[in-house]
């Protein structure tokens, strides 16, 4: 099973990740990882930090001659901004001058609770690890899972359907055409937009909304649409709660900073309708397996993949750091005070969509590995093809 851990602070020397459980024999290039890191850095509404960083991953272990060797892969992403923080973020040396403590928490952030939980007198340590900068390490780590899935014919893609009130959550008219070519085709089309939207009109409105929010010292969230194509039926399980695929996918998405809601298929719309208007009727194409004319379940029934495209939706709240700060208080003096201001983005929904693609990749990869088993790529792919052949036998006349 694939699992990964990340380490590092937002303004420390580097972010690190260790990825364990990748099968041996998987061909990996630096571009496979660095392309995903570059995608994460893009998007209209990002702050000044992205002008400093040029994220690239150094591979320190687990790959030899361009192939995984079955041992843990260690990745490191340099923080170029570290040179500006060597005093404030010194690891051992006590600074000669006093570093002012941050004592006014930001509403909506980890500041207040993190400070109390870990016994800090300064919010800085909370800011450093709670920061979404950590997701650079996650994107690098999960890029390897995306490579593995791609080798199995499984693709992940996303686009942004709304930012603030701009855009629509109704499916784009071009969606089916793009997904027919695979979810990565959809992602490439979205990448051509500075806000990762598919409709030019929506993009224009979103950019205007971001500009207005920035001018007012405010921030914007949005909704991300995710799709996974090429997934065979039968991944996941209804047998135990921790093997339910929809639960694992939802947990992965909610783990992203500022993501506060997840939808599978058209779940919230379904909740307002009778079952006869919700469940996807089954038809049999003789010799070619089951067919559904709708996909309101989002490709998952009974917590297992049903052979359709997986559709997920994630809601990202507006970023908690406001240039026109909300009311707060000083944790030391307990006096009322406007909340702390930290360098931040106005809108990071496009970046979040790339992160969302990343974090669901190990979930699908592990569901596949639980089905096939295997320690090297060749045997896994052989078993996958055999499994697909077994599925097809059920629908032969």
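The backbone N, Cα and C atoms fix where each Cβ goes, glycine too.
What Swiss-Prot lists as NADP(+) binding site is 40, 46, and the listing cites sequence analysis. What Swiss-Prot records for 129, 130, 131, 257, 258, 302, 317, 318, 319, 320, 321, 343 is FMN binding site.
The Cβ of residue 319 (FMN binding site) lies under 8 Å from the Cβ of 219, 221, 258, 344, 345, 346, 347, 348, each on the same chain and at least six residues away in sequence. A 10 Å cutoff on Cβ-Cβ distances gives residue 131 (FMN binding site) a total of 19 other Cβ atoms nearby, all chains included. Distance noted between the C-alpha atoms of residue 46 (NADP(+) binding site) and residue 321 (FMN binding site) is 13 Å. Largest Cα-Cα distance over the residues recorded as binding FMN, namely 129, 130, 131, 257, 258, 302, 317, 318, 319, 320, 321, 343, equals 44 Å. Annotation for residue 321 (FMN binding site): same-chain Cβ neighbours under 8 Å, separated by at least 6 residues, are 106, 109, 219, 341, 342, 343, 344. DSSP classifies residue 131 (FMN binding site) as coil under the three-state reduction. Counted over every protein chain shown, other Cβ atoms within 10 Å are most numerous around 40 among the binding-site residues 40, 129, 317. Residue 131 (FMN binding site) and residue 40 (NADP(+) binding site) are 15 Å apart (CA-CA, integer value).
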